[in-house]
Amino acid sequence: MNQESISQSIAIVHPITLSHGRNAEVWDTDGKRYIDFVGGIGVLNLGHCNPAVVEAIQAQATRLTHYAFNAAPHGPYLALMEQLSQFVPVSYPLAGMLTNSGAEAAENALKVARGATGKRAIIAFDGGFHGRTLATLNLNGKVAPYKQRVGELPGPVYHLPYPSADTGVTCEQALKAMDRLFSVELAVEDVAAFIFEPVQGEGGFLALDPAFAQALRRFCDERGILIIIDEIQSGFGRTGQRFAFPRLGIEPDLLLLAKSIAGGMPLGAVVGRKELMAALPKGGLGGTYSGNPISCAAALASLAQMTDENLATWGERQEQAIVSRYERWKASGLSPYIGRLTGVGAMRGIEFANADGSPAPAQLAKVMEAARARGLLLMPSGKARHIIRLLAPLTIEAEVLEEGLDILEQCLAELN
């Protein structure tokens, strides 16, 4: 693979060149087939080249390929926002805007939060990931490699421990850390918003403690602080339902969307309480390419397939296959390096750990390389890159899913 014209600051996980894909399978330019457990890093919940999405893209490309919504509205943008207002399960009137990416959605949410509250400080969480733009870098709960050598970042942003059964941080410990933050470093009246993922993606598929989310919601409601929930990776069926936040027992004030919203086309959104989305002056939100007609058409075709029944069926099938395999591997002692199973629904991660519980990223790397040689693509996550995240399309055929898990099992067995 010739990379001479590619920035060497871009890290490439798999040194192959892809040619085409179908549902949960891709082929490289040499004709080698791979089962895809990466899914474009969570973008392809409905699979590669989903027929309905492709048809929608082709049809829209013959009608209108671009028009800046700020200059003149177009039908696909309007239709998609109407669909999203019905698809997002909240109790309040919802409004929003479309963006080109998840990071851009996060950036705009920060603007809205500051504009609506008149406050500046944002509180994020250890292990979180919200994008690669300058402002979203500061939200990320990890320095290397994202924040290295880029200098001062927009703020102020503060970080708290992420309470989860997967991190070992309890609700009580996180609340104590929050109390300390407000007594030592930051005046609570300066806080505009908290931002978090209900299930951390880059962090290793770690699920937030619902008790903490509910305590935080009460805390914010009493003080006029907003909650921004990032469902960029966990949304659109990944956890077996439309979004992951309902399992927390709270509603967000602002919600970030992207990845599987549009079947592989670049699109994001920030949606939330209608009064918040009107807090900035006219012209305060927008973008030349935001809500491109072709991306909107792809999103409409995607949402049409994401019925509650479909999402539950797809998610349960994949969850059962992964969990049953994992339990069998642990019970049989397949490999001493198999640690915890993280995540929710079909959003699952497998931790690699040494006997003393410390991360084992080198062993994960060996499994990824061996799996690729056998025709399975995997993706690492976690602070130490020691958790494999399983992101196969939800629409993967049962036999292809089992074939992929068979390959993973063979590679795990070789670690012995």
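Each Cβ is built from the backbone N, Cα and C atoms, and glycine gets one as well.
Within its own chain, GLN233 (pyridoxal 5'-phosphate binding site) has ILE41, GLY42, GLU197, VAL199, GLY201, LYS259, MET347 as residues 6 or more apart in sequence whose C-beta sits under 8 angstroms from its own. Positions annotated as pyridoxal 5'-phosphate binding site by Swiss-Prot: GLY102, ALA103, GLN233, THR288.
Over all protein chains present, the Cβ of LYS259 (N6-(pyridoxal phosphate)lysine) has 26 other Cβ atoms lying within 10 Å. The N6-(pyridoxal phosphate)lysine annotation in Swiss-Prot covers LYS259 and rests on similarity to another entry.
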Hey, what's the Cβ neighbour count for ALA103 (pyridoxal 5'-phosphate binding site) at 10 Å?
23
The one of GLY102, THR288 whose CB sees the fewest other CB atoms within 10 Å, among these binding-site residues
THR288
List nothing but the largest Cα to Cα distance in Å, as a whole number, among the residues GLY102, ALA103, GLN233, THR288 that the record says bind pyridoxal 5'-phosphate.
24
